[in-house]
Number of protein chains: 4
Amino acid sequence: MNGNRFGRLFQVTTYGESHGEAMGVTVSGVPAGVELDQQAIQAQLDRRKPGQSMITTSRGEPDEVTINSGIQDGYTTGTPIGMVIQNKDARSGKYEPYVTAPRPSHGDYTYSAKFGTRNWGGGGRSSARETVNWVAAGAVAEQVLDASPYDIEIKAHVNRIGDVEAGPVTFEEILEQSEENDVRCADPEAAAEMQELIEEYQREGDSIGGSIYFECRGVPRGLGAPRFDSFPARLGQAMFSIPATTAVEYGLGKEASAAAGKDRNEDWTFDDGESFDHVVSEAGDPVPVGNDHGGLQGGITTGEPIYGEATWHAPTSIPKKQRSADWETGEEKEVQVVGRHDPVLPPRAVPVVEAMLTLTVLDFMLLAGRINPDRVDGAVGEYDTEYHPSSPRNE
Amino acid sequence: MNGNRFGRLFQVTTYGESHGEAMGVTVSGVPAGVELDQQAIQAQLDRRKPGQSMITTSRGEPDEVTINSGIQDGYTTGTPIGMVIQNKDARSGKYEPYVTAPRPSHGDYTYSAKFGTRNWGGGGRSSARETVNWVAAGAVAEQVLDASPYDIEIKAHVNRIGDVEAGPVTFEEILEQSEENDVRCADPEAAAEMQELIEEYQREGDSIGGSIYFECRGVPRGLGAPRFDSFPARLGQAMFSIPATTAVEYGLGKEASAAAGKDRNEDWTFDDGESFDHVVSEAGDPVPVGNDHGGLQGGITTGEPIYGEATWHAPTSIPKKQRSADWETGEEKEVQVVGRHDPVLPPRAVPVVEAMLTLTVLDFMLLAGRINPDRVDGAVGEYDTEYHPSSPRNE
Amino acid sequence: MNGNRFGRLFQVTTYGESHGEAMGVTVSGVPAGVELDQQAIQAQLDRRKPGQSMITTSRGEPDEVTINSGIQDGYTTGTPIGMVIQNKDARSGKYEPYVTAPRPSHGDYTYSAKFGTRNWGGGGRSSARETVNWVAAGAVAEQVLDASPYDIEIKAHVNRIGDVEAGPVTFEEILEQSEENDVRCADPEAAAEMQELIEEYQREGDSIGGSIYFECRGVPRGLGAPRFDSFPARLGQAMFSIPATTAVEYGLGKEASAAAGKDRNEDWTFDDGESFDHVVSEAGDPVPVGNDHGGLQGGITTGEPIYGEATWHAPTSIPKKQRSADWETGEEKEVQVVGRHDPVLPPRAVPVVEAMLTLTVLDFMLLAGRINPDRVDGAVGEYDTEYHPSSPRNE
Amino acid sequence: MNGNRFGRLFQVTTYGESHGEAMGVTVSGVPAGVELDQQAIQAQLDRRKPGQSMITTSRGEPDEVTINSGIQDGYTTGTPIGMVIQNKDARSGKYEPYVTAPRPSHGDYTYSAKFGTRNWGGGGRSSARETVNWVAAGAVAEQVLDASPYDIEIKAHVNRIGDVEAGPVTFEEILEQSEENDVRCADPEAAAEMQELIEEYQREGDSIGGSIYFECRGVPRGLGAPRFDSFPARLGQAMFSIPATTAVEYGLGKEASAAAGKDRNEDWTFDDGESFDHVVSEAGDPVPVGNDHGGLQGGITTGEPIYGEATWHAPTSIPKKQRSADWETGEEKEVQVVGRHDPVLPPRAVPVVEAMLTLTVLDFMLLAGRINPDRVDGAVGEYDTEYHPSSPRNE
């Protein structure tokens, strides 16, 4: 309702401003019994951290996560996990000129228009700093999925920066190669070109847009609750929550407008045993012969890989001189954004995209009864015959 | 949670299968005091109705709406409006061959995979017939907006079919010209080409994809609750709920990936009195010099027109022979979809897109306190000093 | 948010006014695969129906339910079940005098104060007629529970009318005897006294209050999501939704205020095999030695019977002359409520209480993963190894 | 869904275990522009704090609140307020004996039954320590109400301990006298008797139950969204969320069962200018002649004081020896709860009851458009004509 919560059974509630005291995230709906690795959460935060390379902002945030609740002897207890990440390197003073003279194309003006005020330091609540909360929550979700019997893999990479496009890569290449370079592009040659392009824009005091390709493998068939909570609808909400997203596509995406039905339609055949959500039945299990549908038919997962693409516009914080209008003085004036900023968004958005995908997939897994909402090891049958209530500590 | 409800303060709950008894929609959260024109609801349903032209399915549904509740003497009462639309021309028999041999690229298989069963006649709950409920609800929402002090205009038109693209058109042209042809394209020449192209695919027993451009004018600044309930996030959910949507874009959309920050960023100037949500203040009101941002900054409306584009893949129901796998017999077999179907989706999707936009905008208007959730004429101050409880009947 | 929806995974959305066209209820979140007996739904509606005895209103409503969706060949399909019950015997004319002169202690004034208008015929949306929707939804929920492996019994009876109180009765007596008399009290002697008392008030043009005792057996341990969605919290919401409820109690209820900790506390012993949610483990399963706790500890079910009591004030519609204030004329005046009304609420509220209990229990069963939200026969393990997607029609 | 969130537009999300690192609460939906007094929040926490008198637990928690977000220059910004309260005096060791041998009548067993594990130190998540979060959130809500044009007063006092009952007191006496004694009872003589009784139970290593009377004045007419989100339904959920609540009553409460309709019904007269939500109209404003209805008719507020009572059973933590069953060893054994505990709940529950009332009232005020969800000073009309976006800092 008021924007600070994501998810239905797996609920993520966040707070925090870019230059406030701390960022915070409460993860409610974590099934009990998951051995939670705090270092793995930290590792995801480090992937998103500022200052990790020359093409990211130089703001120095250690982004160390503190876990305040929800764990006993290293295992989740089914109660909410409260996490806090202190803001260490906030320098709000730089933002004073913009208090009443909004920076071009930021959220400065709209936040003030909505609330009659805003936290103006570093963009306040509108800053992408908020996504540190999402990545922390996503890292918890990832561990819940890993503790389930499902073998789900979620990965994204940068496939376009400006006019440089990555060549075709396999999912395995994305898994193995995308983290090898600062751009997070699985095509090494394109990555080098992208890096060069970004540095060029950076030198000119400018910034540039780009896209991310994402894919999930191993997501079982039958997830998604049509019509308004369909898988693409909820994932669309998740993706468009990420700041500066301007387009989201699934499967053929925008190119589907030019495809004929007979070409895009995919016949059904029988499973050769290699589909992602294999079903053993006497007669066999129908699988589609292709995957132009991006793993989604009728708003529900088919068991085939879910894939798509999202686009980000260029960062709005650029050192170039721009013009603003000061609503206190009534005067137009020149402004220059002197903070520390990213020249491009997709490289640091990769872990954020993966986090939102993970949160969305897990939420649907819980909603479809694929993972028990109370306990990761629980199933209907087990409750009655095998359940023995005890603390993992005593096992 | 389970997919049959849209909206937060303005809640739309639907039921119905393509070949079931009836479609039904409950609209809850309608402020009281709106004079509701049933004919206007019917007029919107007629725009979406099958059989309205040569390029739509020939299924003969009158789509007459019955209103069961929520109105007194022609005015809304603040209680839910229950509407029912009977299904008159269902011919389920044609679908028997597909009960266990799913039609290619439909929702047949995924619904069965999820629920272990499905209503198979005409696609059941997965059918686009469901959108008749959305259009009915959207027509109620439209009347609520019209009864408010805001002057909001929402319109969409078809801007691409296959490889035929509409030329540049103004919003006024979209308002005036898009309903002049069966394709619902505001560019008459492109419309003629599109019509020809569609008929060609139709003759070949095939189908084709396309896109819709949408725009909202007069939406006030400050709507949208970042971060997860931002305006683009919730509109993204709405758009991807529409069956067969493969891409959603705002503002520059996918092209934003190639734009530099300095080019996309828009300076602020002072309002010349022509902006859409004018504010009188001593110092004046900042407005952006352009609208590449599509009316959205920081996930919140700027007051500038909100616009974007959505893409639909080709209808999956085509008369051409295709292959399926029967999970009862274990045999692959040839199938031919012999129902009555649309050769292209966008022309009939235009009123659906407009309905989802209207529902989204109204919901945000209520959430932001722009329209009183209890009564369309109510404001905080009025309650205490001017309010006189009476039935409109007695005024 | 706006009051017309109950439940989280099992969602009931309603509409309808006492003298409107029809009552309607959409039940969303019904797992697929339940053989739905429409006659059983009708039977529950008949239990609540007006005119069933001398101590109920004489309004003649057949309350025939029409099912518009959600069923295929007699089985639920996982899609929403839309039901409509036409209003046949509405006589709104009688209510004209109260349009601007509210009836004492009804919802007339508060609805008008909230919405600035109201549907005034027969109390409109504030009428207990609305509960026909709840009973229909509860009857669906009952069949879902019956189709699960759990053996859950839910029953209520009238335990107090005015100053006449029922003697102690067993759950078996409540099951067997409460429907034997018009008062729905399981103690036959008290029932006779209650009947007499009610008729006395009826003769005098007056009405009287009373209470209902309710109990659920077989509800498994572990239901309820503390803290704000605890079992007692959500059941409290459900019970206080029933019109004219003035008190809700669990276990010892109000008497708990006078009990010492050592007396109310219940030691743990080992299960003798007769507890309600038996668990086989080597060491045995702890069970409490008594049930003053009413089946609820820490907001979660213990597996022991859940029981409690709710109280209703006397019906506000009485034939006696009363005084009102007409806000149109500014004059106080005598009013006489001449409609057809119940002299007491609990006898007809028994099926309503049972319905709200059933809806609450089922919702928690789904939320705790005890019943699969998609399919009544589904469990985590089964999906992967035994699932065979087919229509029940073909089995 | 999973129990850690309360409220719809004013959303409170909590985490924390009794002996965990810290308690935390995120308050989302706070309108912007409220000058937030952190000391006032602390003062409410101090009212609830352990160790404040001889009849409370001696656990030494300073309960100092840290605010991490949502404030700029002392004013709320419309973004979520994250608060953290460290746990300082946790001594989990004492609870080791109960890890697999549940304490009688606590939540030990049910939490383990639900989640297959639990945080066992000090009761973990089931502890009343959690209510520190609620009181912090309630203190924020109180300040939002105070910043509105409404003059709402909310107060509770202890009206029964064991068999000692308070005599009749006025609301003014409750306001002035209830905080004068450790029991928080507005009747000084009864308070002394209650104190004596509590100490007696305390000396005997036992505990005792009791009740709280609560009242809200100044709540405007028209709040509450029938039927399932009626004011009593949502307040019932709030009250039954408080641990150990066994009964909730409104108005005449349980005694309503013995009242005749003609006695309980209240005629309407015209406002003499002293009603709580005065309406100026030509013809005058109807008000009921009494308030046996407890400020609620048809589930909606009448503008008269809302009042009721809630009952708590005796604290389950008592030093007396009791028996438990150890599910690890399979042996029954004697247990003795040696932590630091309250001998009675109502005195410390008074601020918790007030907090839940405040949260409920504010949520309904926002939902009914009485307070603008975005900004405390905002109304529909104001947006368009008087709004000037600026930081309070600059005013």
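Every residue gets a Cβ built from N, Cα and C, even glycine.
According to TrEMBL:
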- A:44-73: region 'Disordered' (REGION)
- A:Arg48: NADP(+) binding site (BINDING)
- A:Arg125, A:Ser126, A:Ser127, A:Gly298, A:His313, A:Ala314, A:Pro315, A:Thr316, A:Ser317, A:Arg340: FMN binding site (BINDING)
Provide the list of binding-site residues among A:Arg48, A:Arg125, A:Ser127, A:His313 whose C-beta sits under 8 Å from chain D at the C-beta level, in sequence order; use 'none' for an empty result. A:Arg125
By a simple count of other Cβ atoms within 10 Å, which of A:Arg48, A:Arg125, the binding-site residues in the record, is least packed? A:Arg48
Of these binding-site residues, A:Arg48, A:Arg125, A:Ser127, A:His313, which are close to chain B by the rule of a Cβ under 8 Å away? A:Arg125, A:His313
Listed in sequence order, the residues of the same chain lying six or more positions from A:Ser127 (FMN binding site) whose CB sits under 8 Å from its CB are A:Glu17, A:Ser18, A:Pro243
Using DSSP and collapsing to three states, where does A:Arg125 (FMN binding site) fall: helix, strand or coil? helix
In whole Å, how far is A:Arg48 (NADP(+) binding site) from A:His313 (FMN binding site) when you measure between their Cα atoms? 18
The region 'Disordered' (A:44-73), counted residue by residue under DSSP: helix, strand, coil: 5 helix, 5 strand, 20 coil
Do you know offhand how many angstrom separate A:Arg125 (FMN binding site) and the residue listed as 'NADP(+) binding site' by C-alpha? 18
Least Cβ-crowded entry, counting other Cβ within 10 Å, from the binding-site residues listed as A:Pro315, A:Ser317: A:Ser317
Just counting, how many other CB atoms are there within 10 A of the CB of A:His313 (FMN binding site)? 30
Expressed to the nearest Å, what is the distance separating A:Ser317 (FMN binding site) and the residue listed as 'NADP(+) binding site' at their Cα atoms? 18
DSSP output for A:Pro315 (FMN binding site) maps to coil
Taking the Cα atoms as reference points, how far is A:Pro315 (FMN binding site) from the residue listed as 'NADP(+) binding site' in Å? 16
